[in-house]
């Protein structure tokens with residue numbers, strides 16, 4: 001065995017590095033490990049891998065609706081005399097909803113029956129809600145409870161009764177008292193229909209039959225921020241609910257209710273932070289993934305030492321990457337989405353290690369002329385084999401690492417900061433794994449071969465194995481028995497792919513046709529993906545928050561008004577100044593509202609225009625699916641109570657019908673702002689939303705802005721595809737009013753309690769998925785082209801990768817019937833990088849086969865399968881196993897992520913062996929066909945001789 005006579009300068013440098021690892025494996029191993037531990041320790045010590053939750057991180061800072069919302073919040077926080085103007089305030093307003101139904105003996109019946117208004121069930125409701133009365137952590141500001149209709153006093157009309165003086169003894173009422181209240185409610189409902197104040201407390205059957213199986217209560221409370229998470233504990237304890245490992249306190253039975261006495265209860269609390277509470281247990285499951293990956297690495301490499309070294313390297317790669325991500329590039333944002341990169345690291349890191357170790361084994365087996373069980377290679381031969389391993393595996397690992405990193409860097413164009421930064425961090429981890437694999441793993445492989453190969457464990461000692469006797473070239477050796485995968489590839493796959501019938505490789509051609517058909521159906525179903533037509537699903541199927549809006553609208557005569565968005569128009573704010581905003585911590589400071597100097601409401605023209613806007617706003621028609629307005633046709637909710645708030649109309653009433661103008665306007669408006677009682681103008685539906693001190697924006701005694709609003713018939717949790725239609729309806733209305741308004745009222749904008757701002761995020765994530773694919777595809781083609789130097793192979797490879805992506809997206813529609821929602825968009829971008837690895841490995845090896853004397857397509861395809869086929873299988877198994885652990889996570893998003901990872905790996909494996917390699921066996925390029933002609937100066941720069949291709953620089957004859 002002789003080394004090729006003409007070695008390039010690059011190959012000599014590689015030989016020198018290989019010699020260093022062979023001569024001093026322990027110093028090299030310990031040195032690399034020490035550097036990794038030091039960098040990892042520094043990263044942990046500086047908090048670079050600590051999850052930092054930043055409010056507003058998912059806001060699209062340059063989105064129109066987001067800027068409107070931020071400007072609105074900033075302007076209202078500065079109004080004179082408002083609580084928000086006190087920056088030190090830590091009080092937050094939250095809402096608690098109690099939904100009740102019958103069927104105490106049928107926990108898994110979706111629809112209830114029977115009468116909910118019985119003295120026994122009313123007493124059970126009272127005892128449950130009593131837990132909030134004595135709750136020292138919550139200051140109750142409003143009670144809109146069914147209990148008040150029956151237990152309240154102060155009026156013969158149930159809706160006007162109050163619980164202010166009730167002692168909450170919760171004794172059972174008399175049957176006659178209950179019946180009379182029910183009769184009054186039904187009579188009012190029959191008269192007023194949806195406008196009746198009782199319509200929110202009964203179901204659809206109550207008006208006709210006098211029987212309701214559902215009712216509800218709502219509590220509005222003020223809570224200190226430090227107590228928000230625990231304010232609901234008394235109620236949860238009463239229901240026997242609590243948090244556990246991978247279980248939320250808000251998980252009920254299959255119907256999302258839990259039993260309480262003679263009824264069933266479902267809760268909604270706006271102060272609960274389910275994401276912050278439950279993400280921890282989900283992340284703990286990553287330890288299970290690590291265990292599975294370790295076992296697979298052990299089984300594939302047949303070495304616990306190599307598996308342990310590889311696992312340590314992968315775990316340390318994340319804090320090391322964080323040093324560059326945060327310490328060097330200054331990206332300070334790090335949240336749970338970034339922690340998901342651990343699954344990526346486990347899959348790709350194991351694949352890198354498999355490529356290096358398997359390449360070493362194949363070269364040693366084919367060129368070493370020894371039986372590894374007899375002992376180790378001599379130093380010279382080991383150096384040459386390690387050098388060739390560097391050259392062959394180094395290019396293969398770099399190709400896949402760079403292509404995958406580029407796929408994640410395609411997120412750089414995303415306006416969603418968490419997605420953008422997660423792509424950067426993932427790319428840093430992937431390239432870090434490449435560097436660590438090429439620096440740390442070689443020393444581990446040398447130690448394993450010279451001291452541990454063939455040993456069951458380390459117990460016999462770490463002493464050097466004897467040098468094995470070299471066999472003559474071609475002599476029979478007692479080599480280790482191939483593994484199950486290798487035997488399948490040799491004895492089943494290759495004979496099928498090369499089998500000819502009438503001169504045609506019938507099985508290979510059949511696989512091409514079948515997989516092409518699969519790709520076509522993937523493209524078809526991908527085109528049928530649509531934006532969400534229902535609420536995003538984030539929680540398990542029995543979670544109380546799941547599909548809450550659909551539940552309420554389906555079971556209540558008129559759903560509680562609190563479930564519907566308040567839409568507000570505000571005048572006087574010119575734009576948002578984003579100077580000084582930290583893009584990685586937008587919650588700290590999101591921008592400053594800039595007021596319009598031309599804003600003036602003191603003229604009769606401006607006042608008339610404002611009053612006209614109020615009237616038209618109230619009458620704005622909506623026939624969209626998002627508008628739950630059965631019985632009427634306006635965007636504004638219509639009830640017996642007032643649902644539109646126009647401060648100028650109230651001011652006009654307060655001024656006895658005459659509005660002051662000129663210099664007298666602002667002083668009089670200021671007096672109205674201070675003295676007017678909103679309860680004289682509004683009932684419960686808008687009473688909590690109207691605050692004259694906020695709606696009439698005096699800042700430093702100068703009128704800067706004003707707000708008008710309506711309680712809309714659009715549910716707060718409206719799906720993206722429907723919600724944007726209401727947003728666009730409002731945009732057209734605002735533009736029309738702007739065109740009809742005087743110059744002093746041109747600075748008009750609108751918001752929808754932040755819901756319209758969320759649609760900015762939805763649009764960005766959906767467009768980001770497709771733009772990411774569009775960016776990754778051509779770059780992947782260029783990378784494959786530069787690694788194979790063959791145009792035909794590159795086209796086949798990229799076509800295979802595109803088919804993989806289309807099939808995965810098509811699977812979401814055909815098999816799962818998912819919409820292209822926020823969760824799918826996030827998970828979809830993350831798994832783009834998984835689609836390229838295996839095809840690129842096989843393409844690179846197919847082209848490299850030429851440098852080993854293989855000219856025909858059969859010989860080159862066979863070389864690729866035998867050298868890296870089992871590696872591809874092991875990498876696929878490792879990545880899929882790591883991702884499959886997320887099937888057991890709490891959040892449904894992780895379930896989607898697990899499914900998409902596993903399906904991506906399945907299609908990537910299937911298309912790499914069943915489509916790409918089948919094409920190579922059928923019409924793959926032979927000899928020099930399709931190869932790029934590289935100019936001489938460039939070949940010299942790349943270190944290539946006249947006979948050398950980029951895959952291998954020197955080889956052992």
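Backbone N, Cα and C define each Cβ position, glycine as well.
In TrEMBL, the annotation transmembrane segment applies to 423-448, one of the ranges 241-266, 423-448, 449-474. TrEMBL lists transmembrane segment at one of the ranges 899-923, 924-948, namely 899-923. The recorded stretches the transmembrane segment (793-816) and the transmembrane segment (506-525) share 3+ CB pairs below 8 A when only pairs 6 or more apart in sequence are counted, and are therefore in contact. With a threshold of 8 Å between CB atoms, the same-chain residues lying at least 6 positions outside the transmembrane segment (305-325) that come near it are 33, 36-37, 39-40, 42-44, 48-49, 290, 293-295, 297-298, 331, 334, 341-342, 345-346, 349-350, 353, 357, 421, 424-425, 428-429, 432-433, 436-437, 440-441, 444-445, 447-448, 452, 458. Taken together, the residues in the domain 'SSD' (329-447) have a mean pLDDT of 88 on the 0 to 100 scale.
Looking at which of 278-298, 765-786, 899-923 has the most CB pairs under 8 Å to the transmembrane segment (506-525), the answer is the stretch 899-923. Residue counts of the domain 'SSD' (329-447) by helix, strand and coil are 99 helix, 1 strand, 19 coil (DSSP-based). If you look at the transmembrane segment (278-298), the same-chain residues 6 or more away from its ends with a CB under 8 A from one of its CBs are 243, 245-246, 248, 304, 306-308, 310-311, 314-315, 336, 339, 342-343, 346-347, 350, 353-354, 874, 877-878, 881-883, 885-886, 888-891, 894.
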